[in-house]
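What Swiss-Prot records for this protein:
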{"type": "ACT_SITE", "residues": "D8", "note": "active site"}
{"type": "BINDING", "residues": "D8, D139", "note": "Mg(2+) 1 binding site"}
{"type": "ACT_SITE", "residues": "E67", "note": "active site"}
{"type": "BINDING", "residues": "E67", "note": "Mg(2+) 2 binding site"}
{"type": "ACT_SITE", "residues": "D139", "note": "active site"}
Amino acid sequence: MAIILGVDPGSRITGYGVINCVGRQQIYVGSGCIRTSSDELPIRLKQIFDGLSEIIRQYQPDEFAIERVFMAKNADSALKLGQARGAAIVAATAANLPVAEYSATQIKSAVVGTGRAQKAQVQHMIQQLLKLPSAPQADAADALGVAVCHYHTCQSLAALGGRANVRTYGRYK
């Protein structure tokens, strides 16, 4: 049994999703968004750190997975996204959680079956996979997708290596 916290980072909205993995079953635990104020970036980064630290205390996850930075046309946006990711990763490492990172293509492939899936397709599949009554908000669905991707990656590695331990994958020390 493992509780996985998935995070879709953003400097304005950071999505989070928590699933409990029991055997081959993925059970929805919770999800939502951390919406930062329109204050200066350092204050928003602290809000992300504090928000995720509280979520970690509330849900007590065993593993932490986050979406990797993508290349953006706007360098300033990419830098802010990288800083938001950093705040999220520090919250995880402060709680001694192993950190895994996945690209958007890996996440979409794990959830939908194609790395070129649209946001609406990810939302629909997350609703189906986790048996939710309605589709979650886009950022929360993306975060749940990160958690589902991590679960599938762990299952695949374990199948390949017997008792492979993916906790070392992407771990920050």
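Cβ atoms here come from the backbone N, Cα and C positions, even for glycine.
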Cβ packing number for D8 (active site), 10 Å threshold: 24
Alpha-carbon distance [D8 (active site); E67 (active site)] in Å: 6
Same-chain residues at least 6 apart in sequence whose Cβ lies under 8 Å from D139 (Mg(2+) 1 binding site): D8, G10, I13, T14, G15, C33
D139 (Mg(2+) 1 binding site): secondary structure state under DSSP, collapsed to three categories: helix
Local Cβ density at E67 (active site) - other Cβ atoms counted within 10 Å: 25
